[in-house]
Amino acid sequence: MLFALTVQLLHRVRKFLLAAGVLLAGFQVVLILQANSIQASNSFSKMGEMVPAFARDLMGPSFVMFLTFKGIVCLGYFHPIVMGALVSAAVTLATIPVMEIETGFIDLVLARPVARHWIVTRSILAALISIIYLLAMMAVGTWIGLSNFATTDAGRPSAGLVGSLALNLGFLMFCWAGIAMAIGCACRRRGSAGAIAGLLALTAYLTDYIGRTWKPAESIAWLSPFRYYKPFELLMGAALPAKSLYVLGGIAAAAFALAYLLYSRRDISH
């Protein structure tokens, strides 16, 4: 039953996932072509010299590391637009249960002897599979680009670095999927759930950003899930902190547990 429900949901979103995966993989290839062009013209050192000293001090050594072949290649894993798109995809997938209630589709699903908790479990599995697929497509795009277009003397990112970035980003997406699902199970309309989750994600992102650049905001920045996504530290050579995965995974688990509770008690009439 669970397998059939999950496959049915993935079939409904297959076109979206296919298009998003191809787009993300293509973006990684384009980034590598761009990095290759900069490398060929020996412009990385010039770009670093153009950055004022105060900007270096403000942004830290990770910004200088970004102005390298490796930094450009890895940009797709922490570019704000890409991160926003991936979090939006997670929110979209996680709010499908409330959309099914809103449209009346859930009546067809529950016409069979299906317990409500299987609907939530199916949605969690579909979100997890989709997240893994999207990040795998990004990794494939990175591999294709490096294998076919990168010069031999380029400072390529290691497989471990790319894997750590993808893993950390995947936990972040899964965290927001849990938050969005809990919000969706408490709302009557998918539009409201998506708007609340999106506004919350934007607030969390800005809180983390301000906390990194303004010391007084550090006291509340730890509340943001984005605080536990560490792309710049990974780019600098640090290991992926287990604490970040524990926190993001814990938030996701708590949010999914709340989603189970809310969905089991909510009115599914539309």
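One is the number of the first residue shown, and numbering goes on along the chain from there.
Backbone N, Cα and C define each Cβ position, glycine as well.
Keep in mind it's a predicted model, so treat the numbers as computed, not measured.
Sequence-remote contacts of a segment are chain residues at least 6 beyond its ends whose Cβ falls under 8 Å from one of its Cβ atoms, and for the transmembrane segment (16-37) they are 10, 69, 72-73, 75-76, 82, 85, 89, 92, 130, 133-134, 137-138, 140-142, 144-146, 149-151, 154. Feature annotation from TrEMBL assigns transmembrane segment to 16-37 (among others).
The annotation transmembrane segment is assigned in TrEMBL to 58-79 (among others).
Outside the transmembrane segment (123-145), and at least 6 residues removed from its termini, the chain residues within Cβ reach (under 8 Å) are 2, 6, 9-10, 13, 17, 20-22, 24-29, 31-33, 73, 76-77, 86, 89-90, 93-94, 96-97, 157, 162-163, 166, 169-170, 173-174, 177, 181, 256. Residues or ranges marked as transmembrane segment by TrEMBL: 123-145 (among others).
Away from its own ends, the transmembrane segment (165-186) comes close to residues 74, 77-78, 83, 86-87, 89-91, 93-95, 97-98, 120, 123-124, 127-128, 131-132, 135, 138-139, 193-194, 196-197, 200-201, 225-226, 228-231, 234, 240, 244-245, 248-249, 251-256, 258-259, 262-263, 266 of its chain (Cβ-Cβ under 8 Å, at least six residues beyond either end). The transmembrane segment feature in TrEMBL is assigned to 165-186 (among others).
Taken from TrEMBL, the feature transmembrane segment applies to 193-211 (among others).
If you look at the transmembrane segment (244-263), the same-chain residues 6 or more away from its ends with a CB under 8 A from one of its CBs are 97, 116-117, 119-120, 124, 167-168, 171-172, 174-175, 177-179, 181-182, 184-186, 225, 228-230. Residues or ranges marked as transmembrane segment in TrEMBL: 244-263 (among others).
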